Amino acid sequence: MSLFITFEGPEGSGKSTQARYLKDYLQQAGYPVILTREPGGTPISDAVRRLVLDGQWTAMEPTTETLLFAAARAQLVGEVILPYLKLGGIVLCDRYADSTFAHQGYGLGRNLTELREITRFATGGLQPDLTFFLDLPVEQGLQRKRKQRDDFRESSQLALPLPHLPQPSPSQNEHWNRLDAREIAYHERVRSGYLEMIAADPQRWQVFDAGIERESLTEQLLLAVQPHLTTIKTLS
């Protein structure tokens, strides 16, 4: 047996951090586990990530954005996720197809039926076994992201640039991308879309308050994953 767990949530909810903590815990416990992310996770998907999230592409059409995310996802599923699941491992993914429904569907108003068809084509119908939703009020999450952005800029200014290496532009800041910069109303629609999806499929989704202390949230996630590990063989 294998296990496919995805992390979803508003911007700044701590998905990436908690996914790393869970990966480290499972690895130390002897489970075969990998952590990947969307968009990204392969050289091709990472190239798409740089394109689709770059702040300079303000004129990108919603349909173009949707198809780029789907292309990155197709590569990640085919190259990384499916092969590891077939080996009986645990795959943790920081965002997956639900992000498309939330952002391009509810956020940008793309047709949800069409998005489901695109997603089915890109993933071969692969669904997560479990999705952890880290919930946080939109403004609180964006405040966290702004702080991360500002800290990044400050540290970049303090560091001495190496003349033989290309220096990142502000648009390449992983802590603040083209989607982060959208208006509050967009992010509110995204969060509302997530909540609708959770209500429609409560067996797959587990909701956590991302506003609590980081250590407490980690403990809750570790407890939540335990019942799903009974069929996974450890490496030892």
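Just so you know, the numbers here start at 1 and follow the chain as drawn.
Glycine is treated like the rest: Cβ placed from N, Cα and C.
Features as listed in Swiss-Prot:
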- Gly9, Pro10, Glu11, Gly12, Ser13, Gly14, Lys15, Ser16: ATP binding site (BINDING)
Please compare the binding-site residues Pro10, Gly14 by how many other CB atoms fall within 10 Å of each one's CB, and tell me which has the fewest.
Gly14
According to DSSP, collapsed to three classes, what secondary structure does Ser16 (ATP binding site) have?
helix
Report the member of Gly12, Ser13, Lys15, Ser16 (the binding-site residues) whose C-beta atom has the most other C-beta atoms within 10 angstroms.
Ser13
Per-residue Cβ crowding (10 Å cut-off), top of binding-site residues Gly9, Glu11:
Gly9
Can you list, in sequence order, the residues of the same chain other than Gly9, Pro10, Glu11, Gly12, Ser13, Gly14, Lys15, Ser16 whose CB lies within 8 Å of the CB centroid of the ATP site?
Leu134, Leu136, Gly141, Arg144, Ala210
